[in-house]
Amino acid sequence: MALAAERSRATFPVAELTERLHGGAAALARTRELRALVEQDPAFRRPPPSSREQLFAAALCAARRFVSLVREHALDAAAEQTVYEAIDAVLPIDVHRSMFLPALEAQTTDEQRAAWLPLARSYAIVGAYAQTELGHGSNVRAIETRATFLPATDELELHTPSLTAAKWWPGGLAFTATHAIVYARLLVRGVDHGVHGVLVQLRSLDDHAPLPGVRLFDIGAKLGFNEIDNGAATFERVRVPRRQLLMRFATLSADGEYTPPAPSHAKLGYLTMLHVRAALVRSCGACLARALTIAVRYSAVRTQGGEAAAEPAVLEYASQRAELLPRLAAAYAMHFGGAAAFGAYEKVRLALAGGSADGLPRLHASLAALKALTTYEVADGVEAARRACGGHGYLLSSGLPALLGRCAAYCTLEGTRDVLEQQAARYLLKQHHSSDPPPPPPPLTAASLSHLPALTAAFDAVAAFLTAAAHRLLATSSWNDSLVELGRLSRAHAHATLLSSFAAAVAATPSPPLHAALHSLCELHALTTLLSHAADFIEAQLLPAALLPAVRARVRALLHAVRPNAVALVEAWDFSDFLLHSTLGASDGRVYERLVEAAKAEPLNHLPARSLMGSKL
């Protein structure tokens, strides 16, 4: 069997890497235990391709069963998240868990948390996060929806003043959510105090009908995520009690006295958004690794070309290795970089709870750059993996089109690249202006191409060089005319951050065989990234142009070195066949049998041709 032979070629203990990726042996055992709970439950079996109505109904059933499991097993927050990830389906309660709950935790007073969080955590109420509008997304300051204070009744009046002010895109908004945190301009006695969050009940808790003045509808079919009711909402002078303004940082009294957040807390309302971005960065590595598990396994089984009696596996072709293995290295970089990013988020969150917001600007910029880079790279990587599987990758049964549809949404979810890169660039330029950059390291040499500290220093220096270059450019050019260069510096900093995290993870690996395998993978990631941005390294005088042939030669050598571990490196992620849901990437390697089985299960094949065609053409 092809995959068994591939597994025997591994040069490191796969189980050791699997434990590393999952946070240790105990965490891995618990993850597998909770996954089994999901995979043995018929409520979570994936329905065949069907209409949106059927997809949504199936997703609602799965969501109800998930909530039942949480209650039946009294799952803590970590176990609940593991079970949710094991379901591996897009459920209508996704935004409730990923945005509504964190927003309540971060932006409410103690009294508000005591009143609302138990209801939300128990799913007695289900929430949406209604920030984006039809006419405004990333530019939160331009939101049009109004929340006008009415002192006579101690209420806020929510109103949608125009077509473009309709809330548009929030997941779960159309049918699932009973409540939403609605972001609106707070107007008090004619003074606009900017955008604030307000908890608004959307539907009756008795019959789930929309409340008076609230209009809700689904925005239509999408490239992916069709199990979720992404919705639109308009408000026709809907009144809510003043106390439903989220008031942890800014307050409004019954007599109309508005107290703004402290200057250091002015952007704390973005904490929920930062949580989502950190989670996205962390999940990008796993998403790309799933696609590569399918593509690498298939490439090890699929034979093509050569002599008819001895066709080689397509993974033996240098072009296939060059297409897949650098992206596998990138998946590991995203995993370790994402873990570091989420750790940084948690530190800032805890510091904020203690009253310190010092780390917030740096975190905001770092996550903006990382989210912009990793989401685009994972979408490109999943598509590359699909193409690497040839025509079979075009089949839904391969599992790759659905994964691509999901990852494509990451690119625009919670901030598009052009906006995020500007946010990162502003902070980086400010830091450049306020401090002297360290002296650059010496240029890379043939000997230092395999030295991770030298490579990380070069990546850091390129990021600093591009920041200085953008600073000089802005002295003579407008911000708009400099956007391309600003994007370059943001991406350079994100690449440097990912490489630094990956290299640190390699350095912290005590097992010599595993250390060697990860070192080769990290080196491959660094050098293929360097080749993609060689002009920046040359311009910064960190890479002599004459060294490029040596870099390419080293990459070829690394592709050969990583090749024996290709299957082991994808299988270390421990994706079950249930999670992959792929005819091409199953662990038994029965690609052709599974393709035929899936084709036979196609509903069209169970209908008489006469009933389909009616009559001759």
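Numbers here mean position along the shown chain, with the first residue as 1.
Keep in mind that glycine also has a Cβ here, set from the backbone N, Cα and C atoms.
If you take the C-beta of Glu414 (active site, proton acceptor) and look for same-chain residues 6 or more apart in sequence within under 8 angstroms, you find Met273, Val276, Arg277, Leu280, Lys371. DSSP gives Glu414 (active site, proton acceptor) a coil state; it is part of no helix or strand. Per TrEMBL, active site, proton acceptor is recorded for Glu414.
Here TrEMBL flags Thr132, Gly171 as FAD binding site. Counting every protein chain shown, the number of other Cβ atoms lying within 10 Å of the Cβ of Thr132 (FAD binding site) is 18. Under DSSP, Thr132 (FAD binding site) is assigned to coil, being neither helix nor strand in the three-state scheme.
Annotated domain 'Acyl-CoA oxidase C-alpha1' per TrEMBL: 270-429, in sequence order.
As annotated by TrEMBL, domain 'Acyl-CoA oxidase C-terminal' applies to 454-607.
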Nonlocal neighbours by CB distance (under 8 Å) for Gly171 (FAD binding site), same chain, sequence gap 6 or more: Pro92, Asp94, Val95, Ala128, Tyr129, Phe225, Ile228, Asp229, Asn230, Gly231
